[in-house]
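Beneath this line is the structure, given in structure tokens, with notes to follow.
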């Protein structure tokens, strides 16, 4: 195990190095507190600030390398989709920062030896992308199927294929854009296979760090950047309220706040929410825009989260609950589970549906 494995623990040769060292994971989690603590830090930091934390100077290369597979075990034991996503994103972001620094000619690499660096070409080969990414005089082109696969989770309109130039079945991309696509490949690699099946012997030894992660998860702000709008997957309560809005029914203030805050939390802009309300006879653009901006924190110091299930029940807005409703306590949690259980190929954001101009 070397320094490059510590910086890029998802690489195949890092995994091979761990196997060649004959590491017994069951012994590590029971006897090596430093590895377990660093693994806990990776996961908790992913939840609290979107990073994997910076290892202390006293953390050895071995500890840093082994903390990665132990972190994946911790994520698997907790077994929450939001944790898998946030952890994989944090690991990918950390790797992105490192390999783009390695590539940059403007970065002082005196402290980064050749044995710790990873090039863009190395990563393309690692993810079997070399045959699908082609050098050009300007930068690169990416085969369309590969581009669609890697860009599928990137929500900015600039990544939509309809907004890209095409060159003989390939998508031209800049160096920076290619690095972003590589970051997505890393994220998929980290998330692949999670949650793992964890033997009871290992899970029992990790009770304390698992409890710490669960505490951090409980404190997680639900107003995360979902930014995917698939009304078919909305919880029954929000489907009902959205149907009422689109039928032109009058909604009391608490119901209007519930659906507006939910739509805001899942990624709709003020303009998009105003467009939805236009069909309602009680619609007033100025007031709707003001209320939505206030909920989103644009005109107030607070960004509001959609009401919890308990609040929805208290106001009589909990309707048609299904089996999943019994297992969650917040409409956003319901939607998150539905998104994670869905097939990415079938999750068409209503904003991307060419034939629809509203989330029916």
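A Cβ is built for glycine as well, from the same backbone N, Cα and C atoms used for every other residue.
Copied from Swiss-Prot, the annotated features are:
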BINDING   237, 309, 318, 325  [4Fe-4S] cluster binding site
REGION    340-360  region 'Disordered'
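What Swiss-Prot annotates, mapped onto the structure for a quick look.
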{"residue": "237", "record": "[4Fe-4S] cluster binding site", "DSSP (3 states)": "helix"}
{"residue": "309", "record": "[4Fe-4S] cluster binding site", "DSSP (3 states)": "helix"}
{"residue": "318", "record": "[4Fe-4S] cluster binding site", "DSSP (3 states)": "coil"}
{"residue": "325", "record": "[4Fe-4S] cluster binding site", "DSSP (3 states)": "helix"}
Pick out which of the binding-site residues 237, 309, 318, 325 has the most other Cβ atoms within 10 Å of its own Cβ. 237
Neighbourhood of the [4Fe-4S] cluster site (237, 309, 318, 325): other residues with Cβ within 8 Å of the Cβ centroid, in order? 235, 236, 312, 313, 317, 319, 321, 331, 334
